[in-house]
Amino acid sequence: MPYEDRLGRVCGFLNFEEIESSGSFIRRYFILDHANGRLFYYMDNPINLPPAWQNPKGEIYLQYVAMVSDARKLRPKIPYCFVINYEGRRYYLEAEDEKDLFEWIEALNNACKITVPKSALQDGAMEWCAGDLSQTSYTTEIAGGVVCKLPVQEQPVDYESDSSNDEETLSSGKISPSSSMSKNSGSSTKENSITFNCEVIREDSTKHSFIGLKCGYCVKQGAVRRSWKRRFFILHEEGLSYFRTEHDKTPIRTIPTSCILEAREHDNSGSHSTSRDNLFELITSRRIFYIQCDTPQEVQSWIDAIKNLLKMRKCEERKSMQHPSSTSYEEGCGQKKVWV
């Protein structure tokens, strides 16, 4: 049964599968240290161990935990089993009983959430840093619409979540924003109001220039490791592209408009439940992309923009069927498309 010690840490014994997929569970003593952002496990309660053995046998960084959930359906032979999805692998643990199971899941999920102290925010500030990060690398997360910068522990370089092994290639071409970026004279300073001049390079070496419909930073979940990474998205007539930063010229991936079926707000009560808010789903013919925005308003803005793009595409398809030789200007859907 988990309990709180005098330091406010959640402690207790769990059976732990230390070697992945071994099926062998070993009893370990766990300490959930929320203040340090880590889950430690020991051979026994450190109080009962000699000084030479009081160091933790292992630790899990909470900032890399994607989700903690009930795993009894995944491992039916292990009663009261739950799983921690962490940096490309799954840690399976076994609780004492059902009450113990749900208490540990709730405690771990709550500890993995990012909270921003109100005292740390200035009036109107939209960014919060965990100390001085000028001389160290950091990761960026979103909490309540506030950009949070947290120090990163040294980890092996991970290319898998955005490599071809992680996400299927959905486009035959590449898209690159040109070096010139222009803003409308009446636009605001927010990212979604920036207008990009974009250039699509097809396999036949032809080029088409057009104006991006919407762009901005969002957080996307990978397909294999389920890790969340902040990416720069551009919605354009050819589809939705995302980059590591807004300065990159080559996208990590482009999702063609022809593959996009629907965009809708994420339902946390469904099978793919998560502790993150402000999520929407981009449903394609091959998979579902889970994308997190800064605010609920941004979620709705992206959904509306994608729906308008799909509506424009359908109108163009109907018009091309009625008039095979279309003109340079297409106004049947309330949109103008100019090829240069």
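A Cβ is built for glycine as well, from the same backbone N, Cα and C atoms used for every other residue.
Copied over from TrEMBL, here are the features:
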| type | residues | note |
| --- | --- | --- |
| COMPBIAS | 158-169 | compositional bias 'Acidic residues' |
| COMPBIAS | 171-188 | compositional bias 'Low complexity' |
| DOMAIN | 7-113 | domain 'PH' |
| DOMAIN | 211-311 | domain 'PH' |
| REGION | 158-191 | region 'Disordered' |
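In this model, the domain 'PH' (211-311) carries an average pLDDT of 87. When the domain 'PH' (211-311) is classified with DSSP, helix, strand and coil residues number 19 helix, 44 strand, 38 coil.
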